[in-house]
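Before we start, here is the structure in question, set down as structure tokens.
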Amino acid sequence: MTTYNLRLKAKDELTPHPSVQYWRKCQVEELFAMPFMELVFKAAQVHREHFDPQAIQLSTLLSIKTGGCPEECEYCPQSARYDTGLEKQVMLDIEEIVEKAKIAKQRGASRFCMGAAWRGPKPKDIKVVSEIIGAVKALGLETCGTFGLLEDGMAEDLKQAGLDYYNHNLDTDPERYSKVVHTRSHDDRMDTLGKVRHAGLKVCCGGIVGMNETRPERAGLIASLANLDPQPESVPINQLIKVEGTPMAEAEDLDWTEFVRTIAVARITMPKSYVRLSAGRTAMSEAMQTLCFIAGANSIFYGEKLLTTCNPEEDADCLLMQKLDLYPLQYQEC
């Protein structure tokens, strides 16, 4: 087995590119501690240096294989170890997936993301998803896959099939990873990210907040993302959706200002990445989402469902974008 470990940048290992900055955890904590208005203003300035502030990238996420996952992640309703009422389902037929991708494109999405509840795919699974990727790509959509830990050669196969992005989140602060996920390590995640980069795929990598972590631990998550070299092209920031039956069902609610701070700090530390408002938007007011856009979020998951949980309806998102004069990016613009 070859290990392609995507290393976190160390201060004395930086490549000689002036745009690259190493972020100490304490520096990220200092950003979190800025006065709220100053932090949002700074993030908005950084955002405008690299993006059109009126542009937003729309992704649609579909679970192509739901439930029965052998992993033990305390936040996830798809784990077979928790009784959440979710029924295990076989993989969707390619015809059904393509039809949903067509609908997503018609409604304005430029990227179609597909997730499967595996610890990692088997070689036979890669053959199936490669066919699916090719069919979705032929529609004129960007493609993204989240299929778990990859073995040698799998990332290359996905790249050859036409996959654009591979999603593999770091979930939480590396120092508390084992407290949240019990069947894999942070190093396992880093190894797959290394394989993905080695294959020439773009990286979608973010995390989840609201899992009873402290602010310094949120800073640790952002620092671990910002110090990936190169930085992820796409950074999804999820607010925990508490699902009955999971250990995180009783997690304490995260104050909304702390979530906006997280978006702002992600924008400042990863200035050229797309920062996506991901899970948890159903609990966010329009005003809160607007502040997130001002603070540098420029992507959302668009569609009524995220894997197994609810998402705002398309009509509501379209209305909000109209109110804010936001326009969706097309595939070639992303």
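In case you wondered, yes, glycine gets a Cβ from its N, Cα and C as well.
Since the structure is predicted, the reported quantities are computational estimates derived from the model, not experimental observations.
Pasting the feature list from Swiss-Prot:
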DOMAIN    54-281  domain 'Radical SAM core'
BINDING   Cys69, Cys73, Cys76  [4Fe-4S] cluster binding site
BINDING   Cys113, Cys144, Cys204, Arg276  [2Fe-2S] cluster binding site
Let me make sure I understand the structure: which of the binding-site residues listed (Cys73, Cys76, Cys113, Cys144, Cys204) has the fewest other Cβ atoms within 10 A of its Cβ?
Cys73
In angstrom units, rounded to an integer, how far apart are the Cα atoms of Arg276 ([2Fe-2S] cluster binding site) and Cys73 ([4Fe-4S] cluster binding site)?
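Cα to Cα, Arg276 ([2Fe-2S] cluster binding site) and Cys73 ([4Fe-4S] cluster binding site) are separated by 22 Å.
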Within the same chain, and leaving aside Cys69, Cys73, Cys76, name every residue whose CB is within 8 angstroms of the centroid of the CB atoms belonging to the recorded [4Fe-4S] cluster site, in sequence order.
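Here the non-site neighbours turn out to be Glu71, Glu72, Tyr75, Pro77, Gln78, Ser79, Ala117.
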Could you list the residues of the same chain, at least six apart in sequence, whose Cβ is under 8 A from the Cβ of Cys69 ([4Fe-4S] cluster binding site)?
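Long-range Cβ contacts: Cys76, Gln78, Ser79, Ala80, Ala117, Trp118, Arg119.
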Could you tally the C-beta atoms, other than its own, that fall within 10 angstroms of the C-beta of Arg276 ([2Fe-2S] cluster binding site)?
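A count of 24.
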How many Å separate the Cα atoms of Cys73 ([4Fe-4S] cluster binding site) and Cys204 ([2Fe-2S] cluster binding site)?
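Checking the Cα atoms of Cys73 ([4Fe-4S] cluster binding site) and Cys204 ([2Fe-2S] cluster binding site) gives a distance of 19 Å.
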Determine, for the [2Fe-2S] cluster site, the additional residues of the same chain whose CB lies within 8 Å of the mean position of the CB atoms of Cys113, Cys144, Cys204, Arg276; present them in sequence order.
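For the [2Fe-2S] cluster site, the extra neighbours are Ser59, Leu61, Arg111, Thr146, Tyr165, Asn167, Ser234, Pro236.
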